[in-house]
Amino acid sequence: MKRGLLIILSGPSGVGKGTIRKIFSEDERLNLAYSTSMTTRKPREGEQDGVDYFFTTREEFEKAIENGELLEYAEFVGNYYGTPLKEVNRLRDEGKNVLLEIEVQGATQVQQKCPDAISIFIVPPSMEELERRIRGRRTEPEEIVQQRLAKASNEMKMVYQYKYIVCNDDPQLAAELIETIILRHIELEENK
Ligand SMILES: Nc1nc2c(ncn2[C@@H]2O[C@H](COP(=O)(O)OP(=O)(O)O)[C@@H](O)[C@H]2O)c(=O)[nH]1
Ligand SMILES: Nc1ncnc2c1ncn2[C@@H]1O[C@H](COP(=O)(O)OP(=O)(O)O)[C@@H](O)[C@H]1O
């Protein structure tokens, strides 16, 4: 069996990564598995442990770093986020195409470790619209919103590291473009 692809979906907080991912993940032809990350952030209302994230303590997270259990990790606005390596390998060995929805520092680490990963960067139609989306979501207090926005312009500078750039103006169109990119890569892999 062919090993599954590794797909990185990144972009600033609030750009719509989660929204788009939920649309294209439903396409069975993509044969996708979403990698659930570990984080020290507190769960938001409605978030489930083991589904949205594995919610953990700083102590446990630092133990996972020391034990080499993470494919990548980063500290983002005061919390750790990381990808458990074992699960990614297991899913890819089963032939699943594994999707990582991660911020830019982690994406850089994955690109260095796995140069054949398919990297996709989502950009907003404008920075004003990005701000509207982060605020409109109402999941973070003002102080954290400010920190995330301040980070966003630096994150946008990492755009050059990505193979594909998709603008999230209409989420349906953005999801369709990503579907097209992944399907083409699946086809290329099959013809190898
Ligand atoms: N490096 C890294 N970033 C992650 C991981 N999981 C989530 N993130 C990113 O961390 C940032 C903050 O995530 P979160 O607090 O859930 O906010 P949201 O993604 O903006 O709703 C986002 O850019 C996520 O894509 C991970 O495993 N590793
Ligand atoms: N194309 C879009 N147009 C308008 N609002 C959007 C669009 N895509 C996402 N949103 C909204 O923006 C907010 C942030 O989206 P989300 O998917 O949580 O972003 P991320 O996962 O990148 O942090 C949400 O309230 C979402 O409904």
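The backbone N, Cα and C atoms fix where each Cβ goes, glycine too.
Note that TrEMBL annotation is computational and uncurated.
The ATP binding site annotation in TrEMBL covers Gly11, Pro12, Ser13, Gly14, Val15, Gly16, Lys17, Gly18. Around Lys17 (ATP binding site), the C-beta neighbours below 8 angstroms that are at least 6 residues distant in the chain are Leu9, Ser10, Gly11, Glu101, Ile122.
Under the heading domain 'Guanylate kinase-like', TrEMBL lists 4-183.
The binding-site residues considered are Gly14, Gly16, Gly18; of these, Gly18 has the fewest other C-beta atoms within 10 angstroms of its C-beta. Looking only at the binding-site residues Gly11, Ser13, Val15, the densest Cβ neighbourhood within 10 Å occurs at Gly11.
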